[in-house]
Amino acid sequence: MSAAGVPAELNNLGAPITATTQNPSGLANSQVTSDPVPSATQHDEHRSSAGNTLADEEGDKSVDAEKVEAMYTGDSKQKRLPADSSEDIVAELEPHHVSVHRGKEEFAALERKYSTLSQQSQHELHRPTTRHSIRSSFSRKDRVVSRLTQDEAEKAKEGEGEFNLVQVLRSSRENQDEAGIKRKAVGVIWEDHEVIGAGGMRINIRNFSSAIIEQFMMPALKVLGIFGVNPFAPKPKNILYPSSGLLKPGEMCLVLGRPEAGCTTFLKTITNQRAGYMEIKGNVEYAGVGWKEMRKRYGGEVVYNQEDDDHLPTLTVAQTIRFALATKTPKKKIPGVSAKQFQDDMLDLLLSMLNIKHTANTIVGNAFVRGVSGGERKRVSIAEMFCSGATVCSWDNSTRGLDASTALDYAKSLRLLTDIMGQTTFVSLYQAGEGIYDQFDKVLVLNEGHVAYFGPAKEARQYMIGLGYRDLPRQTTADYLSGCTDVNERRFADGRDETNVPATPEEMGKAYRESEICARMNREREEYKQLMAEDATIREDFKQAVLEQKHKGVSKKSSYTVSFFQQIFIIFKRQLRLKFQDHFGISTGYATSIIIALIVGSVYFRLPETASGAFTRGGLLFLGLLFNALTSFSELPSQMLGRSVLYRQNEYRFYRPAAFAVASVLADVPYNASVIFLFSIVLYFMGGLYSSGGAFFIFYLFVFLTFMVMSAFFRTLGVATSDYNVAARLASVLISFMVTYTGYMIPVQQMKRWLFWIFYLNPLSYGYEAIFANEFSRIDLTCDSSYTIPRNVPQAGITGYPDTLGPNQMCSIFGSTPGNPNVSGSDYMAVGYSYYKTHIWRNFGILVGFFAFFMFLQMMFIEYLEQGAKHFSINVYKKEDKDLKAKNERLAERREAFRAGQLEQDLSELKMRPEPFTWEGLNYTVPIPGGHRQLLNDIYGYVKPGSLTALMGASGAGKTTLLDVLASRKNIGVIEGDILMNGRPIGTDFQRGCAYAEQQDTHEWTTTVREALQYSAYLRQPQHVPKQEKDDYVEDIIELLELQELADAMIGFPGYGLSVEARKRVTIGVELAAKPELLLFLDEPTSGLDGQSAYNIVRFLKKLCAAGQKILCTIHQPNALLFQSFDRLLLLQRGGECVYFGDIGPDSKVLIDYLERNGAKVPHDANPAEFMLEAIGAGSRKRIGSDWGEKWRNSPEFAEVKREIQELKAEALAKPVEEKSSRTEYATSFLFQLKTVLHRTNVALWRNADYQWTRLFAHLAIGLIVTLTFLQLDNSVQSLQYRVFAIFFATVLPALILAQIEPQYIMSRMTFNREASSKMYSSTVFALTQLLAEMPYSLGCAVSFFLLLYYGVGFPHASSRAGYFFLMILVTEIYAVTLGQAVAALSPTILIAALFNPFLLVLFSIFCGVTAPPPTLPYFWRKWMWPLDPFTRLISGLVSTVLQDQEVVCKDGEYQVFPAPSGQTCQQWAGAFAEAVGGYINNPDSTDDCQFCQYRTGQAFFIPLEISFSTRWRDFGIFICYVVFNILVLLIAARFLKWQRR
């Protein structure tokens, strides 16, 4: 058939193609043929002239270039692939790379399946040119051409629907008319676009003291802000200066500039990401639609993709893409094809187009979860953006960390996306090769916010040359353009200088505005504006197309595709997958709950329905409710950690945030309900609670419902706050209030009148009352002998009372009456707790109301509060003192002198050991499941003094592995072969004599640049070198790496600290500061840098080599200029085989000669570094010729390498070895290490403001809550119990400390592992400094908590008592710190460490003697666990200290009242008993009702609990022993468990 059935968007491919493709839906193979197109757009001409037509791209990947023949049709150059070669070419492609041509054929195959004939579309093809065809020149739609098979045509004739795939992807075709298919052709116009941000202030590093000051100043500042007064308001600073431009549909614009030029700001603001800036001026329109309307009604059509590929890591690639498709499937369905079938076909199409089909069932992963590769993860981001259906997309530095081959695949993927969908695409890239640059239509060059150029990409280079800037041979266009904006790197043409060339950003901006290209761009923009003004069809088509995509139930003004309830259902399915794919989390969750239920159930095993079991039964119910309720705290960090994905997907308009809030709660119900059910059934029946199905299910219902309420509460807290530390501080206060005012510790009638209202606002109190009433309303309590008053006390010789409760006796529990041995459970809870059975279902309604309220708040907050929108980086600086000011002034003076050519960098101070480094027959094998894998295979090589050697190869070839092996960094696997320094095996000093700049920039984030370099110099240079000399050398390194302006900036982390490029320079600087005598290893030193920064790094390495340094450096496909800087090359192919080692030669002559002698002809204009990789099959192309590894092993060059190695060894062995005492494992002594590292750790903790302030805040908050709750207790019986509960809060502190200490230690250990590899300091030093640095804060927290608790509650004022109490609190702090660090040292990850906490804390809390008194414990636990529990010593010591000699006077209502027998006084009847048990008779002479007070002093309370005042110092000593034990575990684990597998 003709092309009549294809919409206009899909025509004008630009090349007639015949190729065999597979239908992604599984249909039989069919021929795709396109007729020549009579004319070509300007875009096609540009791509053809660059040698990059779509056919060219496929042809470039073939083995035989002669298979591609050029064919010219009309005015445009076109190339045809012969039909008989297409299959061979497809077969010869590397399996995991992107082809624009092949991707379009995949698209065409699926499009063919759904395209149908229509009279109207045929009419469109033949109708005369109209205004619509003029618009098409601006939209420049896709070039995919499709044919229907005969079978499909027959179906079309039978009238089986009318559908087109592009229409489904972009808009539904409704009532086709002569104007053609409605399309979302959105051109972007920006006029006088100006962005103003915060500037003019040097922000100082926050520290512990400033965090406290901020906390108390914040309310005052907020009040001032209401009146428009802000003394700390930053000054405005232009980030982008006014600029104008147009990018038409189907065009791609490359945004270039040095770091801080404003590229990210432009990409964000051009796509309506306006958060975080002070003011944005000018106007931005999208096909005539203003930015405000676009944001409100069409938000998902204009999107920004940040450079990080942040996805849900445990979802597979297919699940991630399918979810996006489900939220964006249009309303109009394919006749006869369900929405699921459409999504299946689209998923297959995307996986095939982007060549990630092999990863469909692999999890996406992230930095912590192993998944697909970085390049494949980038393609998942592209697929997700594709699914969004957005028409304007911007991508920010998206090739960071990718090798050149993967980066080119990425650029081609964007080209494919832009062409097929007619999108408008903005991209910023670093180190863009020429192949990438050729994918773009326009380029925007920014220079400190000024536009230096905006126009056609093919004209940019000549424009800059015309200004007077000289380019270099083989220099890529992108590097040249950005280099023109760098005052240090740009070069002027002969006879030109800064006086006659636009040199400043302002001058370059002015020159551009006065240029012919700018005038042309302005005319183009005005024409497009006029078109938009005169003909609203494009705009209306866009609006109508968006409207037609919406499903039933979606408002016309909504920017979402599916309805709110559909969104909930789709997210619900995704969250279920997430939950149940987390096998480790599920298994540990079930195991934790069941084990803790077994422990608690065994402690309270089969509680008797007696008076002795009444209080412990309430304790069991309390623990059952509280444990599950507090496990919901995990919702807080998970809610905040998932914000970036939530924010991005909301920006894509996949779903409303409120839908996510509802769906995530619902998706957690099956798992949480089952976990709580198992916990409840074990706890309930082991504890001997009332045995009936109805009672159990009411218990389970309220435990689960309370959990759901608390889960909703923590989720609400998570979305209401932007900072986790703030949320954690709030949570610590609120949880403390909730636990205290549940009704278990203090009955509501006993609560202070100014705080009792908390009980009625506390969800836990309603849940606890319900399960308490459910239990006690069903049972009667029998008074056992130990609770009968008065009773026989045989050990005191008192035996005259009846064995059964008589009329003159009573039971000493709530609700009892004289002479009655049974107490109704209802009476017990009514008298003691004011709980009633009639409140059960009332409380159910209240809890449901709480849940609905928190869900409503959560939905409101998540909808209207920004969830992670403000992503911008700031630098923070150390406050400048006199010394720093002098150093910085000197650096500034020398920098100007360098620029003026008055100074040269002096490296003469470097003292290198002129010893060769060789390796022979190197093999490396690692264990894998089922066997072993060889990663390095028989590698030979050497590094001579003063040489710069490049280590290159394909991704996965073993470059980093070889570097790790040579640098002695591997700790797993088997290494074979010889690694020799100076002809001898490497010794203990090798690692400290070498420097290794790893690819990951791992640093102590709180240090400044200068401090990081100083610590490296102090610890890695010999101790005898004077400190001043080390400091001076550090200043030289700062100069060499051009870090002068950042010398006092904190390294920080992404978003709060140095940029990626600056962090990379710091990584190199830290290694150079060590003055490595032997060797310098660098792994990807230019990764993530812009072209000029990469050139600066390599240029500096050359200077080091000139001073005698030996350098081995891995690098990803450098441009020709960078490649020329290296002296020697070691090239690896996949499998860890060497394919070349030797000199590169001037202009790469030696390397080129080797390649050409072995059958790989190097084109004259090719970059040898890129070509050699393609020749060996490292890129998309299959290798040229036979196995290059075999060629190398049989080559004379290899024989020469082996001969040279032998000569180097012989020469080295002939020289005498100079014995040096400094050749020890570490450069400095243990004490010097301890002092230096302790100073750094102290600084780190001081600057980690939120970490320490959150800890202190929690202590203050808990101390204040306990004080207010138990303020100045009197000497009543109830107050006696309250004193014990107040002391029990000391056991809460370790839980808070563990939650903070463990992550802190493990994150610090990551830095230590990197530094330990360089032998900076020992593991013992690391562990001790981590411990010692925490001590001052532990002391401060202990003092704060002690003062509030001890004197607020009203404990004894005697100094001996207060001193002991304080010492125990202090030891508790230290114990918690040492325990947390010991657990962290034993754990490989933060998650594993966190799993220990519930077991430890539950065990310690249950067996300490408060919730379960020792007499009530089962024999098994009482025999060993109670005395072994560290908290037993804490509680015993504190209780005996506080209650010893404490006088007790019963208040009215606390007396046990029973009648005296006739003829006897109360003293005669019960006086001996009262004396024996430590109580007293209040009315001894009475002959009526006797008033018995069960305690006279505190001893009577704690002696039955097996606590003794005389053993309190023994308890203190045992507690100290636990601390010592923790420290020993910490030191041993730190020494032997590095938890780093390399």
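Keep in mind that glycine also has a Cβ here, set from the backbone N, Cα and C atoms.
As the structure is a computational prediction, the values presented were derived from the model and not from experiment.
Considering N397, N672, the record held by Swiss-Prot lists N397, annotated as N-linked glycosylation site. The local packing around N207 (N-linked glycosylation site), expressed as other Cβ atoms within 10 Å of its Cβ over all shown chains, amounts to 19. Comparing Cα positions, G953 (ATP binding site) lies closest to N923 out of the glycosylation sites N207, N397, N822, N923. Between the transmembrane segment (1284-1304) and the transmembrane segment (669-689) there are fewer than 3 Cβ pairs closer than 8 Å, counting only residues 6 or more apart in sequence, so the two stretches are not in contact.
Distance between Cα atoms for N397 (N-linked glycosylation site) and A954 (ATP binding site): 22 Å, as a whole number. G956 (ATP binding site) and N923 (N-linked glycosylation site) have their C-alpha atoms 16 Å apart, to the nearest angstrom. Secondary structure at K959 (ATP binding site), as computed by DSSP, is helix. Within its own chain, the transmembrane segment (618-638) is flanked in space by residues 596, 600, 604, 607, 676, 679-680, 683-684, 687, 689, 699, 702-704, 706-707, 710-711, 713-715, 717-718, 724, 727-728, 731, 735, 739, 742, 744, 764, 767-768, 771-772, 775, 1398, 1402, 1406, 1411-1412, which lie at least six positions past its ends and keep a Cβ under 8 Å from the stretch. When the C-alpha distances from A954 (ATP binding site) to the glycosylation sites N207, N822, N923 are tabulated, the minimum falls on N923.
Most Cβ neighbours within 10 Å among the binding-site residues A954, A957: this distinction goes to A957. Within the chain carrying the transmembrane segment (694-714), a Cβ under 8 angstroms from the stretch's Cβ atoms is held by residues 624-625, 628-633, 635-636, 639, 665, 668-669, 672-673, 676-677, 680-681, 684-685, 731, 763-764, 766-767, 770-771, 774-775, 778, 840, 843-844, 847-848, 850-851, 854-855, 858, all 6 or more beyond its ends. Of all the glycosylation sites in the list N207, N822, N923, the shortest Cα-Cα distance to G958 (ATP binding site) is found for N923. K959 (ATP binding site) sits 13 Å from N923 (N-linked glycosylation site), counting Cα to Cα. The glycosylation sites considered are N397, N923; of these, N923 has the fewest other C-beta atoms within 10 angstroms of its C-beta. With Cβ pairs under 8 Å as the measure, the transmembrane segment (584-604) is packed most heavily against 1390-1410, out of 726-746, 1390-1410, 1516-1536.
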